[in-house]
Amino acid sequence: MEVLSSAQMMEADRYTIEEIGIPSIVLMENAAKGIFEEFLKCEVKKDKIAVVVGKGNNGGDGLAVARHLINNGFSVDVILIYPPEDFKGDAKINYDILKKYPVKFIQYDENVEFDSYDVIFDAIFGTGLGKAVKGVAEQVIEKINFSRGFKIAVDIPSGLSGSSYEIFGKCVKADLTVTLARPKIVHVFYPAKKMCGEVVVKDISIPDSAVSKVNPELFMLNYENLPLIYKREPDSHKGNFGHNVVIGGSKGKMGAPVMAAYASLMAGAGLTTCAIFEDYYYYLSRYPEVMAYIVQGKDFYTLNEVNAIVDFVQDKDVLTIGCGMGRNHQIKEFLAELIDKTDHFTVIDADGLFHLDEILLEKLRYRAVLTPHIGEFARLLGVSKDEVLKDRINLAKEFAIKYGVVLVLKSADTIIATPDGLLFVVSNGVPALAKGGSGDCLAGVIGGLIAQKYSLVDAAKIGCFVMNVTASLLMEEKNEKCIKTTEVIENLYRGFNKIEAYQ
Ligand SMILES: NC(=O)C1=CN([C@@H]2O[C@H](COP(=O)(O)OP(=O)(O)OC[C@H]3O[C@@H](n4cnc5c(N)ncnc54)[C@H](OP(=O)(O)O)[C@@H]3O)[C@@H](O)[C@H]2O)[C@@H](O)CC1
Ligand SMILES: [K+]
């Protein structure tokens with residue numbers, strides 16, 4: 001599903017109204033009906049309801065919702081923040097209609113309290129909010145937040161911008177946000193996403209053609225649009241599913257490549273080899289299905305190991321490089337030579353990313369998936385973490401285009417950026433994965449999927465999604481703090497099962 005900015009949504013609205021000919025009042029009515037439907041599904045006390053209304057079309061939606069509430073026997077107060085003379089267009093039409101209904105209009109002043117309401121609809125600002133809220137609306141937002149009622153935001157929690165994930169002023173903290181036509185940036189990226197509560201997207205008759213007119217380039221991954229997972233032919237054999245070689249590890253971090261290799265195996269690679277230092281071979285003993293490429297007498301890689309490894313990987317399909325690899329200069333020399341002398345599809349994670357420079361990135365063009373977290377990406381760009389956090393969507397996009405790589409910028413709202421400028425957000429991240437080892441697992445899963453001939457982008461999409469689904473299934477049974485990476489890997493089959501059940 002496309003994720004839009006406020007400006008894109010407004011343009012899709014305009015196209016629908018002016019070019020397709022659906023009257024705007026019809027869109028508003030559809031919005032109101034959709035929001036009302038979602039309200040009915042909420043299992044909360046509903047004896048007394050407030051609809052808090054601004055002067056734009058978001059307020060218009062609220063006025064139309066109030067009508068549906070009254071028509072269905074609910075007791076409703078409409079709280080106007082601005083004088084009713086300010087209503088224009090569709091909001092005014094709905095105001096004029098609502099005046100004829102048995103509804104109490106309350107003009108907001110500082111004596112108005114919100115604590116008596118069981119449900120509060122926030123219809124103050126939507127996509128039209130320009131800058132941080134000031135004045136009376138700010139006061140109302142604060143009071144709504146301090147009140148006890150269940151808060152339903154109409155389209156966007158008031159005070160946030162649809163086009164930004166930043167919280168730049170006072171905003172409503174909603175329990176539920178019913179957004180219209182498509183999710184906006186505010187609904188899928190943190191920290192703003194935290195203010196939205198549960199997010200439901202309602203169709204209001206904006207056709208897909210109107211959305212494609214605004215050239216969306218950001219998409220939210222969900223069960224419906226995930227790449228198809230292949231079914232295996234009954235006569236298939238391990239050679240059909242590729243060979244992934246995991247190269248990483250150094251003293252103290254030998255578990256990282258082992259977990260990546262185990263994840264590759266569980267993601268379905270036909271064969272997975274883990275390069276491992278002789279003295280640490282026992283790390284692999286728990287996973288006899290993973291093959292070993294033994295590196296003699298060492299605990300980190302140097303140029304001496306390159307030629308033999310290059311020979312070994314010649315007939316293999318994928319390299320997954322970097323997990324726990326270490327950061328000294330000799331390791332960089334090894335990595336540079338390995339990248340130079342191979343042309344495989346390559347997943348690079350963790351310390352592997354630490355060593356990348358312009359020259360190496362150029363050699364990885366069109367064959368690599370890079371999986372940095374925010375800190376690693378900041379280092380790759382030579383900027384601070386805060387700078388990345390502020391502008392991560394654009395930075396990810398520019399980087400993937402510039403270097404021709406698939407960039408997986410890992411966080412609770414992972415962004416996958418492609419060399420052709422598309423962006424996919426994987427916003428089902430869960431806190432159980434906020435743990436060392438998760439990155440190794442992801443790199444291994446992506447490598448294992450590429451081995452099975454998924455494209456780099458599809459492998460990244462499935463890899464991120466399946467890990468999140470698996471971890472959230474585990475969170476239903478265990479405490480989120482106590483979930484180990486190896487448990488996530490062992491349970492990947494459940495994530496795959498759930499995804500495949502939708503396909
Ligand atoms: N278009 C459609 O067909 C459909 C639209 N729909 C709905 O309309 C919503 C968008 O409506 P919108 O464009 O009227 O803007 P909205 O969010 O109500 O706010 C604008 C008002 O806020 C004011 N204002 C702005 N910034 C401010 C600030 N910092 N502090 C204080 N005031 C500020 C601004 O005042 P102004 O600055 O213009 O004087 C203006 O009056 C959208 O989210 C969805 O809910 C649906 O019905 C489906 C069909
Ligand atoms: K709102």
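Any Cβ shown, glycine's included, is placed from N, Cα and C.
Residues annotated as domain 'YjeF N-terminal' in TrEMBL: 9-212. Taken from TrEMBL, the feature (6S)-NADPHX binding site covers 57-61, 126-132, ASP155, ALA256, GLY324, HIS373, ASP440. Here TrEMBL flags ASN58, ASP122, SER158 as K(+) binding site. Summarising the annotation, TrEMBL assigns domain 'YjeF C-terminal' to 221-499. Marked as AMP binding site by TrEMBL: LYS410, SER411, ALA412, ASP413, THR414, GLY439.
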8 Å Cβ shell about LYS410, SER411, ALA412, ASP413, THR414, GLY439 centroid, AMP site members excluded: HIS373, ILE374, LEU409, ILE415, VAL426, GLY429, CYS464
DSSP-derived class (H/G/I helix, E/B strand, else coil) of GLY60 ((6S)-NADPHX binding site): helix
Candidates HIS373, LYS410: member of the binding-site residues with the richest Cβ shell (10 Å): LYS410
Binding-site residues compared (ASN58, SER158) - the one with the fewest other Cβ atoms within 10 Å: ASN58
PLDDT averaged over the residues of the domain 'YjeF C-terminal' (221-499): 96
Greatest C-beta neighbour count within 10 angstroms, which of the binding-site residues ASN57, THR127, SER411: ASN57
Proximal residue to THR127 ((6S)-NADPHX binding site) among binding-site residues SER158, LYS410, SER411, THR414 (C-alpha distance): SER158
Binding-site residues whose CB lies under 6 angstroms from ligand 2, from ASN58, ASP122, SER158, SER411, THR414, GLY439: ASN58, ASP122, SER158
Cβ-Cβ neighbours of ASP413 (AMP binding site) (radius 10 Å): 20
Three-class DSSP secondary structure - LYS410 (AMP binding site): strand
